[in-house]
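Shown below is the structure under consideration.
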Amino acid sequence: MYDVLPPELWVKIVDYSGEISLLLTNTSFFELFNLVNLKISVIKYVVENNLICVLKYLVLLKEIKHPIMDKTIMTTKSLNKFLIKSSKKGQLKIVECLVSLGADIKSLNNCALGLASENGHLEVVEYLVGQGANVRSNKNYAIIWASRNGHIEVVEYLVSQGANISAEDNLAIRWASQNGHLEVVKYLVSLNANIRADNDYAVRWASQNGHLEIVKYLVGQGANIRANDDYAVRWASINGHLEVVKYLVSQDADIRALDNSAVKCASRNGHLKVVEYLVSSGADITVENNCAIGLASRNGHLEVVKYLVAQGTDIRAENNYAIKLASLNGHLEVVKYLVSVGADIKADNNFSVSQGAILVN
């Protein structure tokens with residue numbers, strides 16, 4: 001019934017309703033599409049609505065050299081744009097159709113392959129490589145990002161196709177370690193990736209992010225936990241990763257490096273269990289004029305403050321720095337506790353009192 005409507009009526013109906021899908025009921029879909037006033041391309045509409053049957057029909061029209069394909073119903077730029085988007089989403093059938101319609105798989109430095117790899121779409125990766133995509137393009141982006149996101153099957157496939165696991169100073173294994181992808185890390189090590197690249201970045205960032213099994217594995221492979229002034233144990237402490245801290249200490253990490261930075265920063269961030277463990281292992285809570293309690297007070301970590309006081313820290317150090325910072329930042333319970341154990345609210349010309357009044361007002 002709809003097929004017998006004149007083109008001008010179709011245009012009016014679609015322009016009024018905004019429903020381009022109505023055109024799909026007409027065999028002259030593409031001709032009508034070019035007549036409506038809605039600002040949208042054929043490819044954009046078809047791809048975004050996952051109309052694979054329409055894409056296949058377009059491929060057929062191209063193969064038989066139908067005159068409609070000579071008209072500007074799609075451009076190479078738009079084909080490339082949606083090839084990249086579809087590759088990122090893992091839409092293999094759409095990717096195949098777009099390539100058949102003339103999309104360039106190597107556009108934007110093989111961006112389609114890079115994004116398909118990054119997001120773990122193995123079938124799309126295999127298809128694009130089969131069509132000539134370069135696995136080493138853009139500084140081996142594909143394998144680096146597949147490793148970063150833990151897509152082991154994609155990593156293995158890219159390696160089989162010649163990807164360089166050592167690119168960008170072994171960035172693949174560094175990022176895999178940072179993000180906790182043990183299987184990828186082990187695989188890359190089996191291919192002789194350098195775990196000590198960039199001043200032992202891999203073990204430092206695995207520690208920082210709390211990936212204990214990766215830390216243990218890297219240490220077993222010869223990683224240096226003492227690199228960069230014991231960065232590993234410092235940042236594991238800062239982020240509250242107690243089990244990682246314990247393991248690193250068992251491997252002779254120096255918890256007092258950089259003037260006891262580990263316990264100071266763990267106190268600052270409120271990681272009570274880490275603070276307790278570090279103190280039991282010999283960390284000094286009194287360094288830098290009892291900086292640890294000042295930082296804990298500033299950030300309102302009452303339980304840490306109580307623990308530090310129990311361990312003999314000086315709450316009146318630096319002219320009652322702790323209560324002044326607690327007052328300045330509005331941590332009433334910390335202020336009350338510090339007062340109860342002898343902090344002087346009148347220190348520094350009644351600084352704490354004045355800050356409390358300001359916050360109340």
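First residue shown is number 1, and so on along the chain.
Every residue, even glycine, has its Cβ placed from backbone N, Cα and C.
Here's the feature list from Swiss-Prot:
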type   : residues : note
REPEAT : 77-107   : repeat 'ANK 1'
REPEAT : 108-137  : repeat 'ANK 2'
REPEAT : 138-167  : repeat 'ANK 3'
REPEAT : 169-197  : repeat 'ANK 4'
REPEAT : 198-227  : repeat 'ANK 5'
REPEAT : 229-257  : repeat 'ANK 6'
REPEAT : 258-287  : repeat 'ANK 7'
REPEAT : 289-317  : repeat 'ANK 8'
REPEAT : 318-347  : repeat 'ANK 9'
Would you kindly list the residues that approach the repeat 'ANK 6' (229-257) from elsewhere in its chain, counting only those six or more residues past its ends and only Cβ-Cβ distances under 8 Å?
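Counting only partners 6 or more residues beyond its ends, the repeat 'ANK 6' (229-257) has Cβ contacts under 8 Å with 200, 203-204, 207-212, 215-216, 219, 263, 265-266, 268-269, 271, 273-274, 277-278, 281-284.
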When you scan the chain for residues with a C-beta under 8 Å from the repeat 'ANK 7' (258-287), skipping those not six or more beyond its ends, what do you find?
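Non-local partners: 229-230, 233-234, 237-242, 245-246, 249, 293, 295-296, 298-301, 303-304, 307-308, 311-314.
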Helix, strand, coil residue numbers for the repeat 'ANK 2' (108-137) per DSSP?
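So the counts come to 21 helix, 0 strand, 9 coil.
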Near the repeat 'ANK 3' (138-167), which same-chain residues lie under 8 Å Cβ to Cβ, leaving out any that are not at least 6 residues past its ends?
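Distal contacts: 109-111, 113-114, 117-122, 125-126, 129, 173, 175-176, 178-181, 183-184, 187-188, 191, 193-194.
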Counting only residues 6+ away from its ends, which parts of the chain sit with a Cβ under 8 Å from the repeat 'ANK 4' (169-197)?
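140, 143-144, 147-152, 155-156, 159, 203, 205-206, 208-209, 211, 213-214, 217-218, 221-224.
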So, by DSSP, how many helix, strand and coil residues make up the repeat 'ANK 4' (169-197)?
20 helix, 0 strand, 9 coil
Reported in the order helix, strand, coil, what are the DSSP residue counts of the repeat 'ANK 6' (229-257)?
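Its residues fall into 20 helix, 0 strand, 9 coil.
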